[in-house]
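Engineer: Sharing a structure here in structure tokens format.
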Amino acid sequence: MSVIQDLQSRGLIAQTTDIEALDALLNEQKIALYCGFDPTADSLHIGHLLPVLALRRFQQAGHTPIALVGGATGMIGDPSFKAAERSLNSAETVAGWVGSIRSQLTPFLSFEGGNAAIMANNADWFGSMNCLDFLRDIGKHFSVNAMLNKESVKQRIDRDGAGISFTEFAYSLLQGYDFAELNKRHGAVLEIGGSDQWGNITAGIDLTRRLNQKQVFGLTLPLVTKSDGTKFGKTEGGAVWLNAKKTSPYQFYQFWLKVADADVYKFLKYFTFLSIEEIGVVEAKDKASGSKPEAQRILAEEMTRLIHGEEALAAAQRISESLFAEDQSRLTESDFEQLALDGLPAFEVSDGINAVEALVKTGLAASNKEARGFVNAKAVLLNGKPAEANNPNHAAERPDDAYLLIGEYKRFGKYTILRRGKRNHALLVWK
């Protein structure tokens, strides 16, 4: 199966230019292709995964991927289908983000061997280009009429009170020139990107033909949608980042575990490297079993292993199992740090707090009275152990201090998992 056929079977092609010619070229020879990543934050998020993984799929098929980091275009920001103008970031901020994104792209691609991946930065060619060169060598090849007819531009112009600045309007010229420059420097003949990039990609194809007299191609990947209509890649806490310091491997694992049954088989095709046949077997087994599908577990394992590695996957599984067990002794200090980052609602507490106060502080009880009821019913666990009366000499005016949170409830001298019932958790972080 060719790489184009594989992408088609996974539903990963939204639009292409001359797909028959592209497929024939890919079957005849190995090519160089690229995808651009503008640094708009200090980390990539799961919305970037489809193009990143597409580069990897092409490399596995023997082609040379180029990861282009937008050190120059990131200073402006792509306006495509954005409701309002982006805020401009300082050169220092963008430069820092470029370094972060370069390091995050590295694990997905191989930079060794005959088709070693290439890392490029468009600041290398735009940094020395002056305004006159830009207008004379690039601007003259673009029709303002055609640019105004782009859907992404029309939406901004037609939206009340929005409009578009010349800076953002000219963005497609910069991205278009990227293609021409990478074609000249590295022989790139294919640009891939999200479906919102179609206008910018076709602009680059036309400019490359004009400047270099070369036939090149474009391919876009679909917009990832969820069956319930909500935005993919967002949680109540915000974006799901690829940086483990922004989204913990545990939370990342949980995100994929919670994928809806209606989406999970599509996402296995989109995001994993399991074959279509293997995914079909998983789906058939799930349908035949009549019980809880295995697909979400497989998806969560595949994605966490791919992004964070085997050790992080083991930690995510260990945390998941321990939260609902009475024995939490397997949790490491690093596991607790993940929970403090984003795994559980975390609350700072000081010595002298009792179980009733902790329940109310964390929102696991609405009142002291309700909290006492939970404690008396043995429904409260501290690091997996039932909250017990341990302070017979408490002051008479503070009866709840009978259930003082003492040292034995602290793991690594710093953490206590407070659990009420089977599924309600909070993390106490001791000052």
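The backbone N, Cα and C atoms fix where each Cβ goes, and this holds for glycine too.
Marked as L-tyrosine binding site by Swiss-Prot on the basis of sequence analysis: Tyr34, Tyr171, Gln175. Taken from Swiss-Prot, the feature motif ''HIGH' region' applies to 39-48. The motif ''KMSKS' region' annotation in Swiss-Prot covers 231-235. Annotation comment: Swiss-Prot describes Lys234 as ATP binding site. Annotation source Swiss-Prot lists domain 'S4 RNA-binding' at 353-422, citing sequence analysis.
Set these features in their place in the structure for me.
Structural biologist: DSSP assigns Tyr34 (L-tyrosine binding site) to a strand.
Panel annotation: around the motif ''HIGH' region' (39-48), residues 69-71, 74, 77, 86, 89, 94, 96-98, 100-101, 104-105, 224, 232-233, 239-243, 246, 255 of the same chain, lying at least six beyond its termini, place a Cβ under 8 Å from a Cβ of the stretch.
Only residues 6 or more beyond the boundaries of the motif ''KMSKS' region' (231-235), in the same chain, are considered here, and those with a CB under 8 A from a CB of the stretch are 45-47, 224-225, 251, 255.
DSSP classifies Lys234 (ATP binding site) as strand under the three-state reduction.
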Engineer: For the domain 'S4 RNA-binding' (353-422), provide the mean pLDDT of the predicted model.
Structural biologist: 94
Engineer: If you measure Lys234 (ATP binding site) to Tyr34 (L-tyrosine binding site) at Cα, how many Å is it?
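Structural biologist: Rounded to the nearest whole number, the Cα-Cα distance is 26 Å.
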Engineer: DSSP says what for the motif ''HIGH' region' (39-48): how many helix, strand, coil residues?
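Structural biologist: Once the DSSP states are binned, the motif ''HIGH' region' (39-48) shows 3 helix, 1 strand, 6 coil.
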